[in-house]
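Chemist: Mind having a look at this structure? Questions to follow.
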Amino acid sequence: MELWPWLTAALLLLLLLVQLSRSARFYAKITLYCALCVSASTVAAVVCLLRHHGRTVENMRIIKWFVVKFKYVFGLRFEIKGLQKLEVDHPCVIISNHQSILDMMGLMEALPERCVQIAKRELIFLGPVGLIMYLGGIFFINRQHSRTAMTVMADVGEHMVRDNVPIIPVIYSSFSSFYNPKTKLFTSGTIKVEVLDAVPTRGLTVADVPKLMDACHRAMRTTFLRVSKTPQENGATAGPGSQPAE
């Protein structure tokens, strides 16, 4: 019995469902996104191992080359303001707002050279995705063990004030106008990215870190609300309930 007619019919039915059902379109795009992450991670891991023979932050150049292509598949555009502020010749700490699984695309658009990232430990177990993150030099913390996570962040804070490392906030506008899991929305759109002026830490002590973080959060929140009110490509704006994720 020939299988091709049945496979063809199933494919046509799937395409019809995707066209008619908003939920089907949403899950189809999410599946495609996950498939792209796995396949790109697999190929990138091979390239990284052949090029640099192991774990190094230099592999981020290769990872970035792959990830920045994702936006063309999903019809996304990034408008970045202040990117030159990340072109510094000294150490700095970059902080940004987290919203969804699509964050990775925005992150790679603004990622400067030799940037060491921090991620939750659970991500290292995501097969090829976890492997490529490891090869890219990402530092993993266990958020289930609050002492470990707080120790890492405390160390970062101490380095900031001891080495006079400035903080550079990077804000991404709300995705809610084109991506919303609750309403099964996933369309094309524009993400506005704004790099704020560096926040100096010179002259501060470890005791000043909480106030410093609070000031950064308030500045990021203000910018997030401002850029998210800008009309997006599909004519929608971020709703009044949109908030920068912690």
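Each residue, glycine too, has its Cβ placed from N, Cα and C.
According to TrEMBL:
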SIGNAL    1-23  signal peptide
TRANSMEM  33-51  transmembrane segment
DOMAIN    92-209  domain 'Phospholipid/glycerol acyltransferase'
TRANSMEM  123-141  transmembrane segment
REGION    227-246  region 'Disordered'
Chemist: Please work out the helix, strand and coil residue numbers for the domain 'Phospholipid/glycerol acyltransferase' (92-209) from the DSSP assignment.
Modeler: 42 helix, 28 strand, 48 coil
Chemist: Taking only the residues in the domain 'Phospholipid/glycerol acyltransferase' (92-209), give me the average pLDDT of this model.
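Modeler: The answer is 84, the mean pLDDT of the model over that range.
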